[in-house]
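Taken verbatim from TrEMBL:
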type: TRANSMEM; residues: B:12-30; note: transmembrane segment
type: DOMAIN; residues: B:78-284; note: domain 'ABC transmembrane type-1'
type: TRANSMEM; residues: B:84-104; note: transmembrane segment
type: TRANSMEM; residues: B:110-130; note: transmembrane segment
type: TRANSMEM; residues: B:142-160; note: transmembrane segment
type: TRANSMEM; residues: B:166-186; note: transmembrane segment
type: TRANSMEM; residues: B:207-232; note: transmembrane segment
type: TRANSMEM; residues: B:263-284; note: transmembrane segment
Amino acid sequence: MRRFSWFNATSIALGFAFLYIPILLLVIYSFNESRLVTVWGGWSTKWYASMLQNEQLLTAAWVTLRVAFVSSTLAVILGTLAAVVLVRAGRFPGRTLFSGLIFAPLVMPEVITGLSLLLLFVAVGFARGFWTVVIAHATFSMCFAAVVVQARLYDFDKSVEEAAMDLGATPVRTFMQVTLPIIAPSVISAWLLAFTLSLDDLVIASFTTGPGATTLPMRIYSQVRLGVTPEINAISTVMIGFVTIGVLIASYATKRSSARRERDLRTAEAGGT
Amino acid sequence: MRRWLLISVPYLWLFVFFLVPFFIVFKISLSDTEIAIPPYTPLLDLSEGWAGIKDFFSQLDFENYRIIFSDALYVNAYGSSLRIAFISTLITLAVGFPIAYGMARAPKAWQPMLLMLVILPFWTSFLIRVYAWIGILKQEGLLNHFLMSFGLISVPLNILHTETAVHIGIVYSYLPFMILPLYASLEKINPALLEAAADLGSPPWKSFWQVTFPLSMPGVLAGSFLVFIPAVGEFVIPDLLGGSDTLMIGKTLWIEFFSNRDWPVASAVAVVLLLVLVVPIVLFQRNQEQLREREAGR
């Protein structure tokens, strides 16, 4: 059994302190009675109450959730297709360009992606609003989804698919009944990743949005520029809470499914011998 | 037939919503301001045949690029973006390496939990995490409050709205992107190699520089690119933490577009930024391909 050395434990502790202290302070100060960051005026939930009365903030939150839901669903469908193409379709004309197109959005600065999509929408005369943000988010997060799903597709045994085909299943049926259930955990985590990427995005949404589709990061950004407001601490804390719960549920689910897989595997091996 | 359909759906999507927009940006960067603001007059009019094509080329205009390269504002913005991104990447590497090393040497049972803790901040909003630093770094903020109450300083430090604040913001926000690839390559190093080095009389620091560090090079490179490339075009961090003196190119593009409403210059800024980033992006992709091949070869 390996143990923590003094040096390793210290560097991990300092690193995690650096990562978590700002977030922790934000959460603590969201319960501050005082308006000032440095003055502790006692515990209070009044900023949560005023957040709940802030119509603009709530509308923006609702828009953001809808955009994130639709765009991540679209991104996962497109991203899974792209991953299947990259791993299974073999050579086809324009394959290099295709893999470049999957890769490029991952590192492209957001200001460029945002600007170029906006200019496309303007050029074709597409009215900006909810759907343009959805398209923009789906486009960059499908690439993240493709990378996540691709990793899983590389891992898994192709012979299972071949067996299904040999037994007369159509390619579509094979995909739905064999491939998809096997890659399901990665599809789910790809969806979650796409969802948070969309919730998080300020720059691309600012470029591609139109009237009536102001997202929460845009609203937060415009308030933050006016100065620190404790209401933003409150809504940030709510978001951090949701994300933490979501990640905990997801990690619990993957742990259980991987435990089940291991058990199945062991049963299968025991049955085989 | 079906295979063709399968390929074409994601392909067409990316083609229409990722590749074509760049050509439009490029086209607009070559236009006059009056032409480039909507409603657009079609620049390339194919219905007029050869005359239309000739017309198109005669209308091409490198004026916007001339503006960018002759105005010190833009040149400085590119320069300081590259400098800030480079310095921040080095600091991120210096901060991230011991953390990744500690994680890779931690008890096996702890590792999934530690990984999860590195990823978790990445799932909480980037904007909010940057915003949290305003409350810490400002003059009457928590850091100064803390340092002064311990008597370490007597006058509040002026950190917010300086380049230092931008470095802190970048290191903080991109740290997970550095730790994860570093951890992945450090974790693969066979401890027997270090034992062998020790048996042969190498002191620990020498083993580190001659064995561990060279073997972690793929992670160092991948992490550095993952931090450097997006940091060059960063907008949120310099805007919220940097002052008016800290000019980065992402912010310049944003101002050009939203405040000055000069679309052609904004497009030209984007094209040049893209050209500046082509080299690191290509190097990064090559590095990733080599990694994948090495993985496949094992």
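In case you wondered, yes, glycine gets a Cβ from its N, Cα and C as well.
Model, not experiment: these values are computed from the prediction.
By the Cβ criterion (distance under 8 Å, sequence gap of 6 or more), the transmembrane segment (B:110-130) is counted as touching the transmembrane segment (B:166-186), at least 3 such pairs being found. Listed as Cβ neighbours of the transmembrane segment (B:84-104) (distance under 8 Å, sequence separation of 6 or more from its ends, same chain) are residues 111, 114-115, 118, 163, 166-167, 170-171, 174-175, 178-179, 182-183, 186-187, 189, 212, 219-220, 223-224, 227-228, 231-232, 234, 238, 246, 248. Distant neighbours of the transmembrane segment (B:166-186): 84-85, 87-88, 91-93, 95-97, 99-101, 103-104, 115, 118-119, 121-122, 126, 129-130, 133, 137, 159, 212, 215-220, 222-224, 226-227, 230-231, 234, 237-238, 240-242, 246, 248; these residues of the same chain sit at least 6 beyond its ends, with a Cβ under 8 Å from one of its Cβ atoms.
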